[in-house]
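> So Swiss-Prot says this about it:
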- 71, 111, 148: Zn(2+) 1 binding site (BINDING)
- 148, 182, 217, 262: Zn(2+) 2 binding site (BINDING)
- 185, 230, 232: Zn(2+) 3 binding site (BINDING)
């Protein structure tokens, strides 16, 4: 069965309840939310998120809790060599895991971090140490942190599969570490999904393990392979292309994994309902952007 959805915003006053209703209106059976704005750490109180109402809708629509995904804000950096800033990040992400657990979301996607003025290996060590502290603070939870593949902009860690696996290997309680594949990021980092898809999928298994992949972000790319740009494009309108993305979405190795669209809005309107329809029909609509 295909588990497909998109990022949906949690907006006041309906918050989580509204996000679930929006996802269902798109024809989705999976979704991803931030527990607040991705660009800051301001958060609405958990008791105001309308969690009970949201979970009733989930149950009434036969949605699986395993297909609900959380995402940490972009601005958190566990690789920051500044101890004060890193301590804040550790405390904040511990609170985020508590919030997602209250929402019955069992995985939180995280951009691993930026090593800034140090080096990749030091950054990897700091991320692993930080995750150890986070998992100790939240040892009563089972919520996973899904480390995301990155495009390799600047000093990003996670630009290759090996860096992500190194983090997981160094974490003591690594049963709570999984991975999120992002198609745009992989392509922009130099993994040519268009030309070498099966080879890359086998590499994902040998380095990360299929059993450790918990989320896949489905995005086309505005830029060429190995560009290190990280600019998402609508499905089929970028350099990866519809057919390649379809092969990934329907690949047997990823059958049970929720796929989440993070494609750009078109004229300030969410394209997800139309993109989900295209994917389910397995037919690209070159006129899609004209519909908005």
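Counting starts with 1 at the first residue shown.
Including glycine, each Cβ sits where the backbone N, Cα and C put it.
What's the neighbourhood like for each of these?
Counting every protein chain shown, 23 other Cβ atoms lie within 10 Å of the Cβ of residue 111 (Zn(2+) 1 binding site). In the three-state DSSP scheme, residue 111 (Zn(2+) 1 binding site) falls into the coil class.
For the recorded site, residue 148 (Zn(2+) 1 binding site), the DSSP three-state label reads strand. Taking the Cβ of residue 148 (Zn(2+) 1 binding site) as reference, residues of its chain lying under 8 Å away and at least six apart in sequence are, in sequence order, 109, 110, 111, 112, 158, 179, 180, 181, 182, 185, 217.
Around residue 230 (Zn(2+) 3 binding site), a 10 Å sphere centred on its CB holds 20 further CB atoms from the protein chains shown.
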> Just to be sure I understand: of 71, 230, 232, which binding-site residues have a C-alpha no more than 10 angstroms from the C-alpha of residue 262 (Zn(2+) 2 binding site)?
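Those near residue 262 (Zn(2+) 2 binding site) - Cα within 10 Å - are 232, in sequence order.
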> Can you tell me how far the Cα of residue 232 (Zn(2+) 3 binding site) sits from the Cα of residue 71 (Zn(2+) 1 binding site), in Å?
17
> For residue 71 (Zn(2+) 1 binding site), what is the secondary structure by DSSP, using just helix, strand and coil?
strand
> In angstrom units, rounded to an integer, how far apart are the Cα atoms of residue 71 (Zn(2+) 1 binding site) and residue 230 (Zn(2+) 3 binding site)?
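So the alpha carbons of residue 71 (Zn(2+) 1 binding site) and residue 230 (Zn(2+) 3 binding site) sit roughly 17 Å from each other.
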